[in-house]
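According to TrEMBL:
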type: DOMAIN; residues: 73-287; note: domain 'ABC transmembrane type-1'
type: TRANSMEM; residues: 14-39; note: transmembrane segment
type: TRANSMEM; residues: 77-98; note: transmembrane segment
type: TRANSMEM; residues: 110-130; note: transmembrane segment
type: TRANSMEM; residues: 136-155; note: transmembrane segment
type: TRANSMEM; residues: 162-186; note: transmembrane segment
type: TRANSMEM; residues: 206-225; note: transmembrane segment
type: TRANSMEM; residues: 237-257; note: transmembrane segment
type: TRANSMEM; residues: 269-290; note: transmembrane segment
Amino acid sequence: MAELRTVQPGDRTLAYLTLAPSVALLLLLSVVPTITVFATSMQRVGLGELSGPWIGFDNFIWALESRQFWRALSNTFVWVFGSVAIEMVLGLLLALLLHQNFVGRGIARAVLLAPYLVPTIVAVLVWRYMFHDIVGILNSLLTDLGIISGPLQWLSSTRWAMASVIIVGVWKFFPFVVLAVLGILQSIPQEQYEAARIDGASAFQQFWRITLPYVMPVFILTALLRTIWTFHKFEIIYLLTGGGPLDATTTLPILVYQKAFVDFELGRAAAIAILTFLILAVLITAYFLLMRRAEKKQ
């Protein structure tokens with residue numbers, strides 16, 4: 001058996017030199033842009049300008065006093081929590097279904113996971129056609145079933161625009177939840193179910209006592225990831241509605257884009273971006289605090 005060698009000072013130097021390129025790249029791609037955005041938020045900068053007059057926290061004050069910002073924040077919460085809640089419930093139920101043995105299970109898995117593989121632009125084009133007021137298949141189907149008496153303006157109505165965006169978001173990303181939950185379901189030892197059946201446990205008791213404890217950590221982590229990703233999701237909303245009608249689907253990422261590339265107010269766009277980051281950081285911190293409290297109770 002080889003003897004363990006004491007770490008020499010030269011070994012540490014070599015290790016630092018090996019890590020240096022990765023650290024430098026990390027700083028270049030994350031820290032430097034963050035500092036740049038923060039500096040921009042403290043200035044009055046227009047499109048095409050590298051810098052402008054320093055105005056302190058005026059851009060942040062404007063954002064916090066702006067009805068447009070609070071409307072976008074409200075829309076963001078509706079979009080995020082509406083989408084993630086449906087994705088998680090639907091994904092869990094479908095994962096439990098696909099975990100069962102039945103004829104054609106492989107085909108069913110491929111069909112249900114297909115939306116996650118479809119490019120976003122293709123998915124949006126298909127859904128825009130389906131949502132069309134006149135020739136859309138969705139209005140035609142709902143009318144034939146007697147659910148609606150006339151065509152709904154899915155994307156051009158302030159009543160239905162956000163619901164339409166959420167439908168597309170759920171359809172596109174619920175397969176991720178299915179994959180995550182299905183993976184952990186397949187790792188549960190079958191011996192535990194056999195022992196529970198011998199003890200006379202019902203199907204619900206097996207789910208509550210065996211399946212759920214195994215699934216819950218991955219389920220919660222998946223919910224956190226989907227919340228983070230959905231919070232800054234841009235392309236689905238922008239391609240479907242552009243944030244309209246009448247700002248009904250304008251979320252914080254859409255507002256950042258509008259301020260930067262429509263109103264040419266880069267300073268205000270940077271301030272909104274930083275506030276978005278801070279809000280997301282608070283949500284993530286609250287998640288970890290709740291998880292730690294739950295672990296202590298256990």
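Using the three backbone atoms N, Cα and C, a Cβ is placed for every residue, glycine included.
TrEMBL: automatically predicted annotations, no manual curation.
These figures come from a predicted structure and were not determined experimentally.
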Intrachain residues whose Cβ lies under 8 Å of the transmembrane segment (136-155), provided they are six or more past its termini
128-130, 161, 163-164, 240-241, 245
Most Cβ pairs under 8 Å with the transmembrane segment (237-257), selected from 14-39, 110-130, 206-225
110-130
